[in-house]
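What TrEMBL annotates here:
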DOMAIN    B:10-378  domain 'Glycoside hydrolase family 42 N-terminal'
BINDING   B:R106, B:N144, B:W314  substrate binding site
ACT_SITE  B:E145  active site, proton donor
BINDING   B:C152  Zn(2+) binding site
ACT_SITE  B:E305  active site, nucleophile
DOMAIN    B:391-600  domain 'Beta-galactosidase trimerisation'
Amino acid sequence: MKQLLYGVAYYDEYMPYERLQEDIRMMKTAGINVVRIAESTWSTEEPEEGIFDFSHVIKVLDAMQEAGIYVIIGTPTYAIPAWMAKKYPEVMVMDSTGHRRPYGARQIMDITNKEYRFFAERIIRKLMEVVQGYSHVIGFQLDNESKHFGTCSENVHEMFVSYMKKRFQGDLKCLNEEFGLDYWSNRINSWEEFPSVVGTINGSLGCEFAKFQRSLVTEYLQCQRKIVDEYRRPDQFVTHNFDFEWRGHSFGVQPDVNHYETAKCLTIAGCDIYHPTQDYLTGKEIGFCGDLTRTLKKNNYFVMETQAQGFPNWTPYNGQVRLQAFSHLASGADSVMYWHWHSIHNACETYWKGVLSHNMKENVVYQEVARVGKELARLSPKLIHLKKINQVAIMVSNDSLTAIEWFPFAPGQQPNKKYNDIVRWIYDALFELNVECDIINVEEENLIQYKMIVVPTLYSANQNTLLRLKEYVNAGGCLVSTFKTAFTNENVKVWSDDQPYILTECFGMTYNQFTLPVNVILEDEMLDVDKEERYVELFMELLQPQGASVIATYGHYNWKQYAAITENKFGQGTAIYIGCMTSKAYLKALLSNVLETKNIKEEKQLDIYPISVRKGINEDGHEITYYLNYSHEEQEIRVDNGIELLCDRNVSQDEVIKIAPWDLAIVERK
Amino acid sequence: MKQLLYGVAYYDEYMPYERLQEDIRMMKTAGINVVRIAESTWSTEEPEEGIFDFSHVIKVLDAMQEAGIYVIIGTPTYAIPAWMAKKYPEVMVMDSTGHRRPYGARQIMDITNKEYRFFAERIIRKLMEVVQGYSHVIGFQLDNESKHFGTCSENVHEMFVSYMKKRFQGDLKCLNEEFGLDYWSNRINSWEEFPSVVGTINGSLGCEFAKFQRSLVTEYLQCQRKIVDEYRRPDQFVTHNFDFEWRGHSFGVQPDVNHYETAKCLTIAGCDIYHPTQDYLTGKEIGFCGDLTRTLKKNNYFVMETQAQGFPNWTPYNGQVRLQAFSHLASGADSVMYWHWHSIHNACETYWKGVLSHNMKENVVYQEVARVGKELARLSPKLIHLKKINQVAIMVSNDSLTAIEWFPFAPGQQPNKKYNDIVRWIYDALFELNVECDIINVEEENLIQYKMIVVPTLYSANQNTLLRLKEYVNAGGCLVSTFKTAFTNENVKVWSDDQPYILTECFGMTYNQFTLPVNVILEDEMLDVDKEERYVELFMELLQPQGASVIATYGHYNWKQYAAITENKFGQGTAIYIGCMTSKAYLKALLSNVLETKNIKEEKQLDIYPISVRKGINEDGHEITYYLNYSHEEQEIRVDNGIELLCDRNVSQDEVIKIAPWDLAIVERK
Amino acid sequence: MKQLLYGVAYYDEYMPYERLQEDIRMMKTAGINVVRIAESTWSTEEPEEGIFDFSHVIKVLDAMQEAGIYVIIGTPTYAIPAWMAKKYPEVMVMDSTGHRRPYGARQIMDITNKEYRFFAERIIRKLMEVVQGYSHVIGFQLDNESKHFGTCSENVHEMFVSYMKKRFQGDLKCLNEEFGLDYWSNRINSWEEFPSVVGTINGSLGCEFAKFQRSLVTEYLQCQRKIVDEYRRPDQFVTHNFDFEWRGHSFGVQPDVNHYETAKCLTIAGCDIYHPTQDYLTGKEIGFCGDLTRTLKKNNYFVMETQAQGFPNWTPYNGQVRLQAFSHLASGADSVMYWHWHSIHNACETYWKGVLSHNMKENVVYQEVARVGKELARLSPKLIHLKKINQVAIMVSNDSLTAIEWFPFAPGQQPNKKYNDIVRWIYDALFELNVECDIINVEEENLIQYKMIVVPTLYSANQNTLLRLKEYVNAGGCLVSTFKTAFTNENVKVWSDDQPYILTECFGMTYNQFTLPVNVILEDEMLDVDKEERYVELFMELLQPQGASVIATYGHYNWKQYAAITENKFGQGTAIYIGCMTSKAYLKALLSNVLETKNIKEEKQLDIYPISVRKGINEDGHEITYYLNYSHEEQEIRVDNGIELLCDRNVSQDEVIKIAPWDLAIVERK
């Protein structure tokens, strides 16, 4: 696309009365230039088996074409019609409870079920036939927020056994050894007797099954891609609406999909990002999810959905809707699309409000959307296709995430943090330091492009990955790893050698004991951190330096002999190991010190959060810098010389400008 | 009845040894004049299918007749015998889990099941034949604490589909539109494919099913009434033992029964009321449940069960048993009946103690019961049939209750209040202001009989109800409504127009946004409320006055432009809208102001809670005033002139009398 | 055995690579003289149905024989192979949920299932044939941590009905009366219609079923004993690995096994004891579980499993591993065996670490184990077969435990304490007073051997037991009972007479009311206890003295007339009744007073906890006294004259010696 997309999900099907022309009028006024339609409306498109009715789709397509509004077509497959559940009950997913889900919600079908796949393919083809003549259909979204929904019915079990037979080339001895199945008499002595993994207590088996389930999602969307490709024009994109681990809002790496693998079947990555607002709007979710989605294809991406009004507790403060929209662009998004245009009058998302409230009239949010719409229309040439080149990357791993579900840091303790808590602990510290980063996959080959790679709890990894990390340091990189990295192999079998496996030389350190911290603090002579921020929580490894210098030790009478954080020169690079969970303040002090001493972050003045500073290069090759005020107080900042785009005025080097609460500035430097 | 009934539930079946004559002797000594028998003892009455044995019933009937103690017969249908469950497993209720309940507890049968209904009718007929000759059988209780028990087996689904077909006159298009079934592909395109509602995410469907389930209870008790009517004498009453939403004690409107509808098949309303005691005895549960039950048939009612000793944490303080008994009468009850005479020696209610402890001897509670018995015998002519004419009513709605279950105020927040919390927030404030009220149904036609009607969260209501409320204000009434009133129609479809629907003109106010309060206080210039009682909790609507005067605004930097509470003159009346949940103290200050300025509460001196003042007119046309001391401290109060009945002495106008802890006074003014 | 056993569980099956000779070398160095093998490895021993492979067993047996390390053989029956679950799905236990457990974990089979029992017998016989030639196999462990796993499938129901028919000699009338089944129509009128107890609300039935389920475990292990006896030599022992109520660690009386009954089929009792460490290491779990296990057969016992490193939060402080080992011996254990030798690299116990960490090398724990090994080797003749003669006993009851599950002290209140909380409240107070005790069963006949018997909540007991306790006091014993003792009979039917039943005369006190304490304190003129330790919690009975002297009353305006704690002379003895739950501090003061005034505890100087003092008589007839420092601070104590064995030096009467943190001294007095 040649312009920033500013859009909404639109459901003519859900309207309480005929609204289309009025809605289009209001959209045009607000600068909305694209709508996403058709996803999740299968039951209106195929009201009875084999009976098709695309009148809503055609009506909207015609009207949008006339109005000059682009359309993205979603395949409607993530919510099945009632007739299918009634006639083909086996399409309903059976999860580890052993029960099929009852009909009602979306995302309750077995994506591997043959009948479901037959019907899904047919409705996609019918829909594609209907929409392919329209020139303003700019692209397609495959399914929506696809996941495996925990499917583990008999057919999935059989597929899994075949997968395992292939993975182990039929060698049960190897499987039994690698997975430690002798334990508690779980040994498998024939492929026919391979028991269902539903009740397994073997984490290796459980993690492998989760990995297999993730592969089902990839295969499912690959199939949709193939079907769509038979109909689409070369100028039409194919995207998906990835979502993230959900903790009442988008939070971290998605457990049930390998985004990196699945993104290969898209022409452009897309995602939805939902986040707290009001006093809890921090920019971090917009940052994290955007950085990850951008890294998927190392290119710009679409925000397919984000909140307008959202939940009652998300009703935005003045300025927040606008701040959010520009924050997405600051991460490299080429679209901001609201879910959804109008609030719904029935069913379970009645209180997930859209741009319009239930009375369907102009309101304060609509007015702010309209303000953004005008600004985007004006600034689109300056802001579109923002390129970002980051010095820092965080390496994430679906497999480690699942493994930490099986082997939690502190089982039975509250609150028991999970993998994504560690990822966000790292990300949020960097975010507050205004250090932008990519979120790379564990498979990433080109590590040396980054000056620093931070590895949160890479608990399960194969030898290749660990060797690549070692070589990265050797070649001059700065590797920062947290506890529990390099503890198990790709089969979640603990390495029966010194930890961290392969990396002991690189880190100049080893350990064979760990415990949960009770009244333990960090002691060091390097960092300026208050005493109350020096606590250790969650987990601590008892590090024994073998060449590394000790950054911090444990302040505790029985553990004081052990190191908590170490730093080691290895080859041309540096490897820092954080053996325990610290406060965010301590981590920031540590990372800040590393960034400075390793010359990774040059600009000291960027320590100005709650102003979030995000940079990139626009199509003209100019540097664009966003200054986003994530606070309810006015902030003063110094800017570089350039043009402040929103006010369209020149700013000079080191000029102090004021940014109002929840407001922003954008400076273009030529 | 011509005398106050003072009674107990009596189970000869449960006695550990032969006790009947000893128990009767003790009852006579204590002034007990009625026993309720036979409910819940089906397995002794029909030990084997078709084999009947009423020897316990006959034995007790004979002995009570001889002793001059009245008997109320309960139909035994709410606890089924083991043989029925064994031979006819489908009588066990299947709830939304899809599993039939295992045998053991009471209230686990499917009240729509044909076999169950056959056996129920037969046992009722057999029992009626046995008891119909006894003149001291004064009436009947149909079943006990009847509810639908969540029944949703296949036959119930079919009944529901028939019900829906009739309700929508076969028009699926109308159903799909009204219920918004296009959402997430839930559209229903044939009655045959109507899916089970068990898994539905559509609140309209869920609420309609709950309403249908409530109608099953009404139909079930109507059938019992018809059977009993074939046998009963005209002087015998028919009642039921309604119970309330249970939160460890009787709390609020019953979700699973429409008391107002079901009461139509009774000649007199009856209920059980269980409440905290000791330091937590407030009179509010006795008041609320009594006021509601009295309103059902706008007449006196029976307290069929209340606690003697009850749970271990309810062991009464000295005086509380007596205070409770008179409190029931003060609300218009014509009976106080304890559950139960003796404590049980086995099974799950072993620790729900009766008048007698497990040793079956006299104890302190028995002694207090006996004191009450003597007083009631003496004062019965003065206290029976107390008539109450209240100026204030609270309007309640089963449908809104269920709808708020589906659409909670603050989903995922803790503590998340429910519909009955709002009802009790209102009721308790009025109770503490000593403003007595009726609890009217949403169908009530004669609104203008009340000077003030308070409407807590009438979330789901049809146009007629809303128009009636509007007309009530127009005609001079004072309407006070809380947030979330008039938000959805009778199908729980949000009105796609300005909120509060139909009533915007009446309230002189509208809103289209709402949020959850975080650090928000109420600001006003009218009410004298401490700062720490000015917090807003749970939910807040952002009110925009259109003619109304603003009573309070929100103290919060982003919401300060919006009103929180408004007052509007409309026609001859006044309409006050409370857009958020306040503290009880704030609500009391607000209501007190309204009651005073609108001249609804004349007697300022009634602000004397923990003395609860309850009034009525006795059969002689005299005003009876109860002064009930709900505290552990002696209280001094001023009384009108009249006779204090308990001490039988004259009191003069404005005389100050002392009321001991947990004690009371009753003044009759001629 | 003639020497203290110091051992580990060893699993050649789980090794990540060939380790046997290296492990043996390390064991020998560390003084390990026994390994337990073969339990839980069924799937390697019988990889396919009827195909046997004991190569791991034979290999380890041969190597251990050569190394001079003893071997204990565990029957492998508590974890079944996958093929069995696949081919015979009915071997999987069905619990009260009505679902069979899925395959995966251990302890998920129905121990009454015929197929399971067939396979279990066969694998035991095959294993016994393999091992019977080895002279260094010193004994056998039957199964492991056996329990009934909640089994209640159809066959168990049938067995239960037969059991009940026998128990009640076919007399249903008696059953109905005793169990109060008329209540809620639960009457059973034919044995054929006996309903499943899964849904019962009748606590008598529920408790009887639990008792029956416990008897299944006894029968199951008796059968294993018989099989093993066909093969074993007279010098070989038979033991079991009993475990305890688990609350994240060993805590109290096992609900699901009657240890006293089951121990009859063993030649020596054995158990596992797992406990908190670090700052939470108190010695109490080691004490309680050891005292109970020793009492089972009134003899020395084996600690079959205890932790080396254990959970991450158990990683021991320096010295704790050694302190723990000697603590076991101080209770009369003849073995200390670690679970397990090496940490496991897969599956759900990966983080339950053994002596070796995952890298399988020497570490600090191994070094401490080796130190202990050397000391044990040297001191074995002095420390083995320690005999203990205690003056005090605590009487425990499985039946009361289950009954309190059905009838909790404070239902719905948090935290709601359970039976074992009362047991441990008593035990822990005595432990801190350094008063050693036996943990006797309710069936114990010889009560008068003890000067004092403490009875925590003997809620369900038959007349014989109560009469025995009464006679014990009459004969001169000092009986201390808590609340809720003697409340129900052996059928959990509340006695319909004065409480405490049979014992009112003995205690000189009765009561018929009780409640839950809210702001109640204890008032007395005898005990020196701080005000903040005088609170009453959980439950309180309103005691009415009838001859007893009142030790404490309730400080509360409405309960002040009642006694809380009473003391009564009865016959030659004294009976003290504690009518409520007090703080531990208050209980200690009370017990201390009683112990002193009754001359039960002579040595005042033993109030030196955190030094735990444990005594016994060794084989030479000398008194051995352990002084165990359960604190992180050095302690000074006075000792008797004798030889301090660890340092091998003489100590003189009243000499003050220092004990380092988590260290100990052992003094032998000739």
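The backbone N, Cα and C atoms fix where each Cβ goes, and this holds for glycine too.
Bear in mind that TrEMBL entries carry predicted annotations, made automatically and left uncurated.
Every protein chain considered, the tally of other Cβ atoms within 10 Å of the Cβ of B:R106 (substrate binding site) stands at 20. Using a cut-off of under 8 A between C-beta atoms, the recorded positions B:R106, B:C152, B:E305 that neighbour chain C are B:R106. For B:E305 (active site, nucleophile) paired with B:N144 (substrate binding site), the C-alpha to C-alpha distance reads 11 Å. Here the Cβ of B:N144 (substrate binding site) has 24 other Cβ atoms within 10 Å, regardless of which shown protein chain they belong to. Of the recorded residues, B:W314 (substrate binding site) and B:E145 (active site, proton donor) place their C-alpha atoms 21 Å from one another. Of all Cβ atoms in the shown protein chains, 22 besides its own fall within 10 Å of the Cβ of B:W314 (substrate binding site).
A simple Cβ count within 10 Å picks out one of the active-site residues B:E145, B:E305 as the most packed, and that one is B:E305. In the three-state DSSP reading, B:E305 (active site, nucleophile) counts as strand. You'll find the Cα of B:R106 (substrate binding site) roughly 10 Å from the Cα of the residue listed as 'active site, proton donor'. Cα of B:C152 (Zn(2+) binding site) to Cα of the residue listed as 'active site, proton donor': a span of 19 Å.
In this view, B:C152 (Zn(2+) binding site) is surrounded by 23 other Cβ atoms within 10 Å of its Cβ, with every protein chain counted. Annotation note: B:E145 (active site, proton donor) sits in a coil segment as assigned by DSSP. Taking every pair among B:R106, B:N144, B:W314, the residues listed as contacting substrate, the largest Cα to Cα separation comes to 23 Å.
Mean pLDDT across the domain 'Glycoside hydrolase family 42 N-terminal' (B:10-378) comes to 97 in this model. In the three-state DSSP classification, the residue listed as 'Zn(2+) binding site' falls within coil.
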